[in-house]
Amino acid sequence: LQGIFVLGLPYALLHSGYCGLFLIILAAALCCYTGKILIACLYEENEDGQLIRVRDTYEDIANACCKKLFPKLGGIVVNVTQMMELIMTCILYLVVSGNLLSHSFPSVPLTEKTWSVIAFVTLLPCVFIKTLKIVSKLSQLCSLVHFIIILVVMTYCLTQIHQWSWAKFRLSIEFEDFLVSVGVIIFSYTSQIFLPTLEGNMKNPGEFRCMLNWTHFFACVLKSAFALSAFLTWGEETKEVITDNLPSFLQTAVNLCLLTKALLSYPLPFFAATEIAFACISRGNHPRYRSPLSALSVRGSLLLLTLLMAMFVPHFALLMGLTGSVTGAAMTFLLPSLFHLKLKWKKLAFSEKCADISVFILGFLCSLAGIVCSIKGLLEVFG
């Protein structure tokens, strides 16, 4: 929840003003809610009224919703959507790594793509990751690096507190700029793709809802404090990635920390993508323990695919925005609310039905707005 998107939040406040602060809180509440209802779809009550986990993945939930008309269609749509978002996320980390390396060592005569290849070499051990336990250790280190970055930026901002002024906040906003801010804020909270796997691997799954409440609460507090302090420090000069505003003596050190964070972030979406690939290939019977060579080849192919796309796909940032608008909104808002309504309709209270329908409509509007903005940007580039 505290990913690289956080670095764009001050820029989002620049274009959304007071509404941006409200959006940071609202997005936390909505994403926490959709996470809970998604996990609720994994469970059904038995004859004794006890909740039993009868599904394991997002795909299982989709298939359960579509089983009367198209038994496998729901799972195929969800798997394709998940794979697109996960692979795009992995590619983004490679692109970001190349960009950070080129800015950290400007005197070295290498292109960003060459730096991306160097970053890719450090990620080759990912082909040997078999369990979420290893990923969790790397994610723990990633979180530590992230907090160091946040601490450095906020400490610098606090040294400039004498310059802060609430007059820097906008009261009027431009619609298109506001839509960009909405995308950055909402998608900085997205984690639904990982939740079924995460909940299934918890020692005490009963604590999942409590964990989700606390993580989203703390994420909201940290995002708000970080975005607010950074924006009040730089105001109209706030850049898209806030670390670019730092003085040069801090910028290189922070960029190297960001590079470390990007590389440590890569294994989680990569592991999730390989799990989906294994499930599709084996139809639920994971072959990785029976055929190590087969497992290595699948992981190696996915790893190489992310490098090739990072190297050769033009205007990746705009394509990422378009893909994120479709897949991100679908996986975070549209599908969880739709599946919850379909599977739990008879047991839901009227207020819960209204909440699910409202989330679905909001997700549809966010997705539509993001698609329009991304297509407009692509047309301007290719025009």
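The backbone N, Cα and C atoms fix where each Cβ goes, and this holds for glycine too.
Whatever TrEMBL says is automated annotation, not expert-curated.
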**Asked** Which stretch, out of 13-32, 293-312, is listed as transmembrane segment by TrEMBL?
**Response** 293-312
**Item:** Stretch-level contact, the transmembrane segment (293-312) and the transmembrane segment (144-166), CB cutoff 8 A, at least 3 pairs
**Value:** no
**Complete:** Stretch winning on C-beta pairs under 8 A with the transmembrane segment (76-95) (pool: 144-166, 178-198, 210-233) is 178-198
**Fill in**
Given 144-166, 253-281, 359-379, the one sharing the most C-beta pairs under 8 Å with the transmembrane segment (210-233) is 144-166
**Request:** Sort out for me which stretch, of 144-166, 178-198, 253-281, has the most Cβ pairs below 8 angstroms to the transmembrane segment (359-379).
**Result:** 178-198
**Request:** Counting only CB pairs under 8 A, let me know which of 115-132, 144-166, 178-198 has the most with the transmembrane segment (253-281).
**Result:** 115-132
